[in-house]
Amino acid sequence: MPGLLLDTLNRTRSDRVPLWLMRQAGRYLPEYRELRARKGGFLELVYDSEAAREVTLQPIRRFGFDGAILFSDILIVPHALGQKLEFLAGEGPHLSPRLADAELEALSTVPERLDAIYETVRQVRAALDPETTLLGFAGSPWTVATYMVAGEGSRDQQAARSMAYTDPGKLQAIVDAIIDLTVEYLVGQIDAGAEAVQLFDSWAGSLAPDQFERWVIAPNAAIVRRLKEARPDALVIGFPKGAGAKLSAYAAGTGVDAIALDETIDPAWAHTVLPDGMPVQGNLDPLQILAGGDAMVERTKAILGALADRPHVFNLGHGIDKHTPIGHVERLVDTVRNWQR
């Protein structure tokens, strides 16, 4: 029997609103920190299917979320495309060779690096209650390309943004390679047991309006189209963080089934500009749940009220902060669970 989250993504509006949180499996949980300390590095944890299964299940056991999102990372795709991937303490991810300097042809694809992720999905699906929806995910091509070009994360994505103007053909080739492998990757996740997938475009907001169509809308549309050609029942949540006024163009142009709002979007405005009946996910500010208190509860109720007339999945506007107290999450869960349309 499909769960509440899956029903909502299929455009059913229920009395109760389903709930999950971006980065719900992670460092704010003491059980995660304990497992991470035993296992060592982040990447080792991701590629250890038994450990990754356990991390994925930890927030489900503790909070009873309606969705379990695969514990992995968006940079698994460039790793499978042949870049060396390291997570350095205090520095974040590093990819080499950086494609600002090297050519894409210098990379040798290693698709078998994805096999451990598929095994994690299989193990999680086998362990989950049937009514808990299993979510897979991948990074969207623009966001993944920003890391591949720069070799690391950056505040302004300057390397990739500059390449979009100075060598758009090279950037297009990188994006096309990401699209190809991402479609394969998402098909593999669905075949292993994922019931819906989310495309994270964390740096969509860094592009000028005339660049947004080419590097955000078109690549995501290609993934959605090809994924649905391969798996017609696939459900896709799009998350164009920072899209702002371009949100409606993204919704219309990509073909995603549902759209996730970041915390800067007024949900009442989103309700007026998005297609009727389209499920919306979001969008409490991660810093508001970090702060907690009555203000968090009131804002949560305001978001629920603003989206009461369409299918709504409650979530944050981005990933939960690692310092968020468990008690604040528990209070959020209680607030959403006790709210009715």
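Cβ from N, Cα, C; glycine included.
Cross-referencing H318, H328 against the substrate binding annotation in Swiss-Prot, which names R23, Q24, A25, G26, R27, D73, Y147, S202, picks out H318.
Distance between Cα atoms for A25 (substrate binding site) and D73 (site 'Transition state stabilizer'): 12 Å, as a whole number. It is 14 Å from the Cα atom of R27 (substrate binding site) to that of D73 (site 'Transition state stabilizer').
The Cβ of D73 (site 'Transition state stabilizer') has F42, L43, V46, P93 as same-chain neighbours under 8 Å, each 6 or more residues away in sequence. Within 10 Å of the C-beta atom of R23 (substrate binding site) sit 18 other C-beta atoms, taking all shown protein chains into account. Largest Cα-to-Cα span within the substrate-binding set R23, Q24, A25, G26, R27, D73, Y147, S202, H318: 23 Å.
Look at the Cβ of each of the binding-site residues R27, H318 and count the other Cβ atoms within 10 Å; the largest number goes with H318.
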